[in-house]
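As recorded in TrEMBL, the features of this protein are as follows:
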TRANSMEM  36-54  transmembrane segment
DOMAIN    74-178  domain 'SCP'
REGION    235-254  region 'Disordered'
COMPBIAS  236-254  compositional bias 'Polar residues'
TRANSMEM  289-310  transmembrane segment
TRANSMEM  322-345  transmembrane segment
Amino acid sequence: MSGYHENRNMFDLLRHLFLPHHTNNHRPKSIHIDALFVYVLFFVLIHALVGIVARTSPGVLGYATDIFADQLLAFTNTKRAENGLSNLTMNNQLSQAAVLKAQDMFAKNYWAHASPEGKTPWDFINSTGYTYIVAGENLAKNFSDSAGVVEAWMASPTHRDNVLKAQYQDVGFAIVNGILEGEETTLVVQMFGSSSSQVAQLPQLTPTPKLLVQYMPSPTPIVIAPAVAREKSVEVPQTQTPSEVTTVGEPQTQTRTSTVLAPARVFAADAFGGLSQTPLIDRTMLTKYIAFIFIALMLVILIIDAVIASKRKIVRISGHNLAHIMFFVAIILILVIATPGSVLYE
């Protein structure tokens, strides 16, 4: 007898939550306005839990990453070839400058072209001994593959201008993993340039310095994968969406600067640097799955509610199910289209 009452009570609870009935004013309790507080609290707790696990066990829960500099170079040169431009050549000094810039962003907790102290990309390029007459920088973070990075740059007019700038002849990359704003982050730094030794090959340009700044901040890189061509490991000072920076000016006189924090070892890859990591659970996909399940449940409840209300001819002053259904469908489409990576748009 007790089992019957327990089953009955469970049925009454489920009906109260998910079906229109006189106990819930003929509207499922799960889609009442006061249920929103419960959903918000649930997602806040889930977000906090995911963040804690990702920070403490990145091998279990983290971002899946498969980005390599040789792929970035190939995709970049493909875009240039499609627009009738010459290929860029991988340059070790620019790659080292890219590594230094990524280290600096992690160490000083910023996501911008200029550091909080005003240090610009050109300072990092100068420190490697690369004498440029034209230079630029693109940044990206949290993309899962090389193609996604380049496609995002091409989708942004300012980044596209850098990729397709005819005056550039050299390029360098760094793919660095670390903690930014308390979360695991993969930074991609792309440095462009033409050195003074190539000045004869360049057309005359009117100096028009331009610096676009994005700011977002966090510390200590975990994995550093510079794009350098077959060298031994070297010691460098660790000065701890992509956005575009373009500067055209006179050939630079090199003045090396050194801001020394904790030394970090940078290891040369076989030919090009890169970063590949596959956690047990991909954080991006986990977040999407949770959102999909929640939205699918809401859609099912709304559709069932609309059907029952129509059959029972229940008249409602407020709460239009069709509008709610369209809203959730739009969210699903956004989740499908959205990518986790980000670059800077003007």
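A Cβ is built for glycine as well, from the same backbone N, Cα and C atoms used for every other residue.
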Non-local residues, at least 6 beyond the ends, that sit with Cβ under 8 Å of the transmembrane segment (36-54): 60-62, 182-184, 283, 286-287, 290, 294
Mean per-residue pLDDT computed across the domain 'SCP' (74-178): 94
The domain 'SCP' (74-178): DSSP-derived helix, strand, coil residue counts: 50 helix, 22 strand, 33 coil
